[in-house]
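Asker: Quick paste of what Swiss-Prot says about this protein:
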type	residues	note
BINDING	Asp600, Asp602, Asn604, Asp608	Ca(2+) 1 binding site
BINDING	Asp851, Asn853, Asp855, Val857, Asp859	Ca(2+) 2 binding site
REGION	329-352	region 'Disordered'
REGION	1138-1163	region 'Disordered'
SIGNAL	1-30	signal peptide
Amino acid sequence: MKSALHQIGKTSLAAALSGAVLLSAQTTHAAALSVSQQPLMLIQGVAPNMLVTLDDSGSMAYAYAPDSLVNSRNNVYFASNSYNPMYFDPNTQYKLPKKVTLSNGQIQVQDYSKPSFTAAWRNGFTQEGRVNLSRDYRPTVQYQGGSGAGTESSIDWYGAPAFYYQYSGGRGCSLTTSSCYTRVEISGAAQQQNFANWYSFYRTRALATQTAANLAFYSLPENARISWQLLNSSSCLIGSGSSNCYNNYLRDFTGQHRVNFFNWLENLSVGGGTPLRQAMTRAGEFLKKTGVNGPYAYRPGTQTSPEYSCRGSYHILMTDGLWNNDSASVGNADSTSRSLPDGKSYSSQTPYRDAASNTLADQAFHYWATDARPDIDDNIKPYIPYPDQANPSAEYWNPRNDPATWQHMVTYTLGLGLTTSLTSPKWEGSTYSGGYDEIAAGRLSWPNASNNHSNNVYDLWHAAVNSRGEFFSADSPDQLVAAFQDILNRISGKDLPASRPAISSSLQEDDTGDKLTRFAYQTSFASDKNWAGDLTRYSLTTQDKATVQTKLWSAQSILDAMPNGGAGRKIMMAGSGTSGLKEFTWGSLSADQQRQLNRDPDRNDVADTKGQDRVAFLRGDRSKENSDNFRTRNSILGDIINSSPATVGKAQYLTYLAQPIEPSGNYSTFAEAQKTRAPRVYVGANDGMLHGFDTDGNETFAFIPSAVFEKLHKLTARGYQGGAHQFYVDGSPVVADAFFGGAWHTVLIGSLRAGGKGLFALDVTDPANIKLLWEIGVDQEPDLGYSFPKPTVARLHNGKWAVVTGNGYSSLNDKAALLIIDLETGAITRKLEVTGRTGVPNGLSSPRLADNNSDGVADYAYAGDLQGNLWRFDLIAGKVNQDDPFSRANDGPAVASSFRVSFGGQPLYSAVDSAGAAQAITAAPSLVRHPTRKGYIVIFGTGKYFENADARADTSRAQTLYGIWDQQTKGEAAGSTPRLTRGNLQQQTLDLQADSTFASTARTIRIASQNPVNWLNNDGSTKQSGWYLDFMVNGTLKGEMLIEDMIAIGQVVLLQTITPNDDPCADGASNWTYGLDPYTGGRTSFTVFDLARQGVVDSKSDYSYNKQNVAVSGTEQKGLGGLTLSTNEQGNPEVCSSGECLTVNPGPNTRGRQNWRPIEGKN
């Protein structure tokens, strides 16, 4: 072959390239929900500074990597991805970039036009210079764009149909043996389009970098702060704001600034040397800048103060070459003793030191070890993913950790086409693998770097280590995309501090003789331990009038000690046969399921052949951990965040109350049989499974829902940490007894929350023979969103048992609907869709069902939506006998057609704050009988805590607890809504927050008002229709909200609120547990909580307020996940939040629970 240089006409690299791999070609909706894949309580409110440096040197025009391949340009293997990784790879899907613009203040996104195979653009961004790839293709050696004519160096003067060479390998073959390659012409519409995409957007280093950076940065949140620069352009320096660099001031990554960044990427032109050290200097010195355009300004460009001292700063440095033609002046920083800003002393040590001065590594160490802003506090969060409590010094100097609390710069370096040069120390795919151990142990030294020296390739690796960042080496376009995304995930991970344990808990009671022995199952997770989780069993006893927990076992420890790499685990998935299940093994997977697992999550889901190893990894095999394709786990058991355990032992219901529901079912016989059932505890985890454990902590069963299968492979990624976290089976399992198929069964309903859009039902009657009843996903119900709502199992008037649930959030059409699902078959019995505001995302939340006449059959359902509407649904016949409106005499399948949205399709109430803004409802309402015995008081709270933006406390408005009187609950035709507003309700307030001591127990408490509600006028007409309580103390807004289910017991309603931290430099959230009068929403007339921790509730737990002792309305408690109702050893009710239980008084003359279900947790 011959090489040719020819003119291709006027061309530049201008275009509009933008895109995220997962987005469709449709214009994005500005109001679309952003469901977080990270636990919000760990997210800080301060976004990091991100400084991006891209290489614009002349070698970025090359269509090969590494540089040495130019000498092989006339050989056939130059046109093979096996030899030249920049060349077309038939196994890689080359995704089109997207164009980002701003229209009417909203970001708009659309796909770039597909390049045609018969008229493909040489530069896909400028859409200039076309080539007919079906006949005129010539492999590119170098492509140089610019404002004038573009030039291209290519192989052979004579065009041909597009092709690649396939390496056959085999005996006697090497990558440079021409006879071992077979020429393959591009054929078929799909492959031709893929080749055209590669040719127009990926075939050179520059084009691949533009596309890869765009695909990675597209998903960066809008609150990130970003500036950018090139190596060679004097008018494109970090933070300069130059118009020639698209106004690259440091700004929030939103609006026009976001568009500017993508425009800068799209207009990248190349030419010049590789002055990496000058670029590093500009980035490091920029962090020292003060003022309104500085890196610590509150709103850069607008407002300087307050300057948050916890804001991290990261430098992303991408290059394809070795630094040259520049200088630095930091000396041999990594070999010079010095005092660090936190008082620690550094002396020359591995793996930081070397013998050379003024290297990139020296600069990286200097800008890590120097306090960029000594005038502000040192509050950067330490990042310690590898703790070493036995040796704090080793922990501090482990470069995988970043203990620096001062303002400093962490650098991530990315080399393109350099891997084959990294031989001593040897690069093996990640910063701390390969030859790194030799460096750390002192058996090898970092090669000395100097101007334009071949050793400078190691300086990129060394620099990343010295700054507590990471080095990435990519050789192909798909690796480049993955590397950029990995870097952003690592930064997000460092921005996510370690978690606290015991996020949720569930209590199990167990009767043994005349003594009540109590057990608690607590879940926990640790983001700083590679997203490990645990389920722990405790016994609960009372000592000195306080509840004491004694740890019995840890499911994590038992599972991790399991022999044979998980081979013996019973992990099931949907299958055929009588059980509806099959083993999760490689051989049992369908071809499509194998394809899904044959994807490399570290390389942008490129196809590979590691699927069988991924199955083994997910089953618990740890033999391949910490290799090129598999991460290291601290535990096989994944993080358990929002899923509360459910226990299954004896029958679920009280026999004498359940028997009349299905007279032919003989529940007493069923209940007697279940007395000997082996107890189990079920819980969902974000390792892709619902787990079942016995009472000794042994895993006996696991189930992988089909709705999470598509992203199972992500769990194996080396980059699965921090911001790469995904939710999987994150919902709380719901267990109930139900009658179908002529028999009673115990069923488990599973949901996923942010893990996916799906529901499933398992028959767990026999724990040794569990059956899958059904699964539902978007294919079966398009309006199913993320399954945040908690399902309810109920007998309905159509004569069938059903699962009743809200449709969830972020569904296809963003609608809200109540789903009624046949429990036995999974068929949708009815979908009751509600109205809402157009253009505003909606979704129905968890429902609460009402059984008006206590016959065990649901008559009404209540649920709220994201637009703040409280809905009622009539689950009764259209026409009823008013003398006996809920009679079961007319029950039958036809009744289902009469199920409807009450009040003519209008809400019972629409929640808005004092300014008229809608208040989202995401927790299930609670119901109490109205004191007049007419209807219900429907109690519900407002607040939303699942989008990324919800992590920061919203102190601009109040969320509210409401009690609304629904008077029309006797089966009458409720054809019109009461149309209530706040003006129809009695206001209550939180009047006091104080620190106090109750019999030596220190607490922070709150006192609510006690305003009476005047329900009726003298003539019996309605005067007030309820009450409301804004969550603020003396008018002070903290962002408090209600997102967990409440508990109504006796004459008190118990609830727990959450308040995201209003300090942007702190993670976490605070919680308040309230006990309020359900009839007024205010302070109770009796003492509710045993704040003195004496096992009973009396006046010792009162508080002196306005010269009298009053009941405390709320107390601050630790732990998230809502409240669990139980009983203590004295038989008194208590409410538990994670580790603390408080005895509660439900009020005087309180009757027993009027419900045919037993006390929660009773077996």
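For all residues, glycine too, the Cβ spot is worked out from N, Cα and C.
The shown structure was predicted, so the numbers you read here are calculated from the model rather than taken from an experiment.
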Asker: Hey, which of the binding-site residues Asp600, Asp602, Asp851 is the loneliest by Cβ count within 10 Å?
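Answerer: Counting other Cβ atoms within 10 Å of each of the binding-site residues Asp600, Asp602, Asp851, the minimum falls on Asp851.
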Asker: For the binding-site residues listed here, Asn604, Asn853, which shows the highest count of neighbouring CB atoms within 10 A?
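Answerer: Highest number of other Cβ atoms within 10 Å: Asn604.
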Asker: Round to a whole number and give the Cα-to-Cα distance in Å for the pair Asp602 (Ca(2+) 1 binding site) and Val857 (Ca(2+) 2 binding site).
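Answerer: Here the two Cα atoms are 51 Å apart.
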Asker: Work out the three-state DSSP category of Asp600 (Ca(2+) 1 binding site).
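Answerer: In three-state terms, Asp600 (Ca(2+) 1 binding site) counts as strand.
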Asker: Within 10 Å of the Cβ of Val857 (Ca(2+) 2 binding site), how many other Cβ atoms are there?
Answerer: 22
Asker: Cα-Cα separation of Asp851 (Ca(2+) 2 binding site) and Asp600 (Ca(2+) 1 binding site), in Å?
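Answerer: It is 51 Å, counting Cα to Cα.
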Asker: In sequence order, what residues of the same chain, 6+ apart, have a Cβ less than 8 Å from the Cβ of Asp855 (Ca(2+) 2 binding site)?
Answerer: Pro660, Ile661, Phe886, Arg888
Asker: Ranking the binding-site residues Asp608, Asp859 by other Cβ atoms within 10 Å, which is at the bottom?
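Answerer: Per-residue Cβ counts within 10 Å for the binding-site residues Asp608, Asp859 bottom out at Asp608.
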Asker: Secondary structure at Asp608 (Ca(2+) 1 binding site) (DSSP, helix/strand/coil)?
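Answerer: In three-state terms, Asp608 (Ca(2+) 1 binding site) counts as coil.
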Asker: In the region 'Disordered' (329-352), how many residues does DSSP call helix, how many strand, and how many coil?
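Answerer: Split by secondary structure, the region 'Disordered' (329-352) comes out as 3 helix, 4 strand, 17 coil.
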Asker: Taking the mean position of the Cβ atoms of Asp600, Asp602, Asn604, Asp608 as the Ca(2+) 1 site, which residues outside that list, in the same chain, have a Cβ no more than 8 Å away, listed in sequence order?
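Answerer: Going along the sequence, the neighbours appear as Asp478, Ala482, Arg599, Pro601, Arg603, Asp605, Val606, Asn629, Ala717.
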Asker: So, in DSSP terms, is Asn853 (Ca(2+) 2 binding site) helix, strand, or coil?
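Answerer: Going by the DSSP assignment, Asn853 (Ca(2+) 2 binding site) belongs to neither helix nor strand, so it counts as coil.
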Asker: I'd like to know which of the binding-site residues Asn853, Val857, Asp859 sit within 10 A of Asp600 (Ca(2+) 1 binding site) at the Cα level.
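Answerer: None, since no candidate lies within 10 Å.
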